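Engineer: Would you mind keeping the following structure in view while I ask a few things?
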Amino acid sequence: MNFRQEKFVRFQDWKSDKTSSDVEYSGKNEIQTGIFQRTISSISDKFYRSFESSSARIKLFKRSYKSYSFKEAVSKGIGSTHKILDPQGPFLQRWNKIFVLACIIAVSLDPLFFYVPIIDDAKKCLGIDKKMEITASVLRSFTDVFYVLHIIFQFRTGFIAPSSRVFGRGVLVEDKREIAKRYLSSHFIIDILAVLPLPQMVILIIIPHMRGSSSLNTKNMLKFIVFFQYIPRFIRIYPLYKEVTRTSGILTETAWAGAAFNLFLYMLASHVFGAFWYLFSIERETVCWKQACERNNPPCISKLLYCDPETAGGNAFLNESCPIQTPNTTLFDFGIFLDALQSGVVESQDFPQKFFYCFWWGLQNLSSLGQNLKTSTYIWEICFAVFISIAGLVLFSFLIGNMQTYLQSTTTRLEEMRVKRRDAEQWMSHRLLPENLRKRIRRYEQYKWQETRGVDEENLLSNLPKDLRRDIKRHLCLALLMRVPMFEKMDEQLLDALCDRLQPVLYTEESYIVREGDPVDEMLFIMRGKLLTITTNGGRTGFLNSEYLGAGDFCGEELLTWALDPHSSSNLPISTRTVRALMEVEAFALKADDLKFVASQFRRLHSKQLRHTFRYYSQQWKTWAACFIQAAWRRYIKKKLEESLKEEENRLQDALAKEACGSSPSLGATIYASRFAANILRTIRRSGSVRKPRMPERMPPMLLQKPAEPDFNSDD
């Protein structure tokens, strides 16, 4: 309360003093002089105190920035409530790329101001293209918006405290005051100099209010403003480009875009040099006019060289003093700028015409390193030609080097494939492999290239984090695994475990995946192609069973029985079938160790429903079931035939017994005997046509061995 009263009384005292001083000023000059002196002294004291406080703040900022601690960064970062952008975030990375392109476009638009001056050859005066100056100013203002947005983003972009970098990535400073101090002490001045609308002010404000020789000097000022404003703009592009390549690794996503970007930089330099050539051509002609005016008797008025309706005219003597179409180097040597004056581009208001002509001049001389330039003795003209030659050499070598780098990145895989193919051919020739093996090797390499494009998928996936690798494998394999009916009953966790351990494999046509009697080391899930499986029941004579496998089928189920058996030995199971690829096959392989791990870790794999699914889709169980049904059918047919023959024999015996008392067989006995003999012959023919050579009666037919029953019961 006392503080408020004191403050209120002070305000009243100051007000009353001010009122009394006004009265004294109206009556006494001495008091006025004293009050003025006191006012000046108070202002100087305030300025001195403000200067001391600002210098103290700057020193405090330097000390605080150097000693910015980890605890302060954490506390300020947690306490901040405003939106602070992460310099490593995706938004700023995209914005930096956009801003780099905007800076390059802005640099390409600034030379448009050089096309504003034009020459009126009829009046021999210097004029201005009104349409061009408005267009250049509008385009320049549009690109300046990106600079303003970049400045705003810089005040909202955090930074990593230098003292916190020992803690991994470091702590992001989110204090708005510290961010502003850091930006004001680094790139703020450069950004402000780059965004100042100085060319627009010269074109739209200064030049319209000046006439005569002053306007010529103003055009020179425009030239120097645009030229020197190039410095902060170019200085700002390079660190931004380094920042973009440091955070994201690349500026363009594709090699062709990178090559086009470097070509654009070369063409941009051609455009800039062409614009300077246009402006310097006008400068040289105006210099010739001024010298002619000074030599004229009497000397002409220099303001007549400016195209003004009130003063223009009377410059016909310049046609003889500064000849263009029939140049005279004795009077004035235009040097490399004579072509621009003779072509009429400095007089034309057709912007596309003079733009493309000047662009072609810049591109031609950059590419030829300035060898065709015939300069005069004017020193700045020689410097301009030397700069063109050096810039052309540097830019052309830079363009060729970067284009070669970008284009080589597109053919690296092809070159690697050619080298591998050449090495394979040399190795096959050295080992004297037969032609059929060579064809199979070439076919496999070609098919592998078509499927993978030379990318080592396993190595690529192994370098990724586990969760990302699981998601990628799930995206690639899950939809294909669900085509296998056996996996439809499994839950998500088990499918993720299987997807993580599946390995893509490729097989060419007529290649053997596994042979009967070989150990089975992997379970194969077919995704594309067609296979043939054959079994001979252990090499049994006369036994052959074949099946076709396609997309969604699997083979190597013996490995699943081995993996589910907790008491199985380390020896791998033996394959009961031969599997051969009939065409190019793409599949996923599950190795024995991986299947054993999944079976031991996930007890939900043990279920009766999975047992029935396994039996239904297993080729081994299908073959055994078919052989079992065939054997049962043969037993049934044989039993039925025996019963039929026995019945016929009984009828014959009955007929013979009834006629035993007679001397000759009756007609009925004869019919029964002939029918019995016919049935016997028919049976013999049937059995002979079905089985050749005929097996002895004492050897029963061998059945296919029943597959081992997988242990789907969990051991609790």
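Each position is counted from 1, following the chain as shown.
From the backbone N, Cα and C atoms, a Cβ is placed for every residue, glycine too.
OK, Swiss-Prot features for this one:
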- 1-97: topological domain 'Cytoplasmic' (TOPO_DOM)
- 98-118: transmembrane segment (TRANSMEM)
- 119-132: topological domain 'Extracellular' (TOPO_DOM)
- 133-153: transmembrane segment (TRANSMEM)
- 154-187: topological domain 'Cytoplasmic' (TOPO_DOM)
- 188-208: transmembrane segment (TRANSMEM)
- 209-220: topological domain 'Extracellular' (TOPO_DOM)
- 221-241: transmembrane segment (TRANSMEM)
- 242-259: topological domain 'Cytoplasmic' (TOPO_DOM)
- 260-280: transmembrane segment (TRANSMEM)
- 281-379: topological domain 'Extracellular' (TOPO_DOM)
- 380-400: transmembrane segment (TRANSMEM)
- 401-716: topological domain 'Cytoplasmic' (TOPO_DOM)
- 486-610: nucleoside 3',5'-cyclic phosphate binding site (BINDING)
- 602-617: region 'Calmodulin-binding' (REGION)
- 622-651: domain 'IQ' (DOMAIN)
- 689-716: region 'Disordered' (REGION)
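Help me understand the surroundings of these features in the structure.
Structural biologist: Beyond the ends of the transmembrane segment (98-118), by six or more residues, the same chain brings 126-129, 132-133, 135-136, 139-140, 143-144, 146-147, 150, 199, 203, 219, 222-223, 226, 229-230, 233-234, 236-237, 240-241, 244, 251, 264-265, 268, 271-272, 274-276, 278-279, 282, 346-349, 351, 354-355 to within a C-beta distance below 8 angstroms of the stretch.
Mean predicted confidence for the topological domain 'Extracellular' (119-132): the pLDDT average there is 79.
Sequence-distant contacts of the transmembrane segment (133-153) (same chain, six or more residues past either end, CB-CB distance under 8 Å): 85, 92, 95, 98-99, 102-103, 105-106, 109-110, 112-113, 115-116, 188, 191-192, 194-195, 197, 199-200, 203-204.
Taking Cβ pairs closer than 8 Å, the transmembrane segment (221-241) reaches residues 96, 99-100, 103-104, 106-107, 110-111, 113-114, 116, 187, 190-191, 193-194, 196, 198-199, 202-203, 206-207, 251, 279, 283 in its own chain, all 6 or more past its ends.
Per DSSP, the secondary structure of the topological domain 'Extracellular' (281-379) breaks down as 50 helix, 1 strand, 48 coil.
Long-range contacts of the transmembrane segment (380-400) within its own chain (CB-CB distance under 8 A, at least 6 residues past either end) are made by residues 262-263, 265-266, 269, 273, 276, 280, 284, 335-337, 365-371, 373.
Under the DSSP three-state reduction, VAL598 (nucleoside 3',5'-cyclic phosphate binding site) is assigned to helix.
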Engineer: Check each residue in the chain of ILE534 (nucleoside 3',5'-cyclic phosphate binding site) that is at least six apart in sequence and keep those whose C-beta is under 8 Å from its C-beta; list them in sequence order.
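Structural biologist: Sequence-distant Cβ neighbours: GLU516, LEU544, ASN545, SER546, ARG577, THR578, ARG580.
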Engineer: Let me know the most crowded of the binding-site residues, choosing from LEU502, VAL598 and counting other Cβ atoms within 10 Å.
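Structural biologist: Counting Cβ neighbours within 10 Å, the top one is LEU502.
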Engineer: Validating a neighbour-count step here. Other CB atoms within 10 A of the CB of LEU582 (nucleoside 3',5'-cyclic phosphate binding site): how many?
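Structural biologist: I count 15 other Cβ atoms within 10 Å of it.
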Engineer: Please count the residues of the domain 'IQ' (622-651) that DSSP assigns to helix (H, G, I), strand (E, B) and coil.
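Structural biologist: Here the numbers are 30 helix, 0 strand, 0 coil.
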Engineer: Can you break down the topological domain 'Extracellular' (119-132) into helix, strand and coil residue counts using DSSP?
Structural biologist: 3 helix, 6 strand, 5 coil
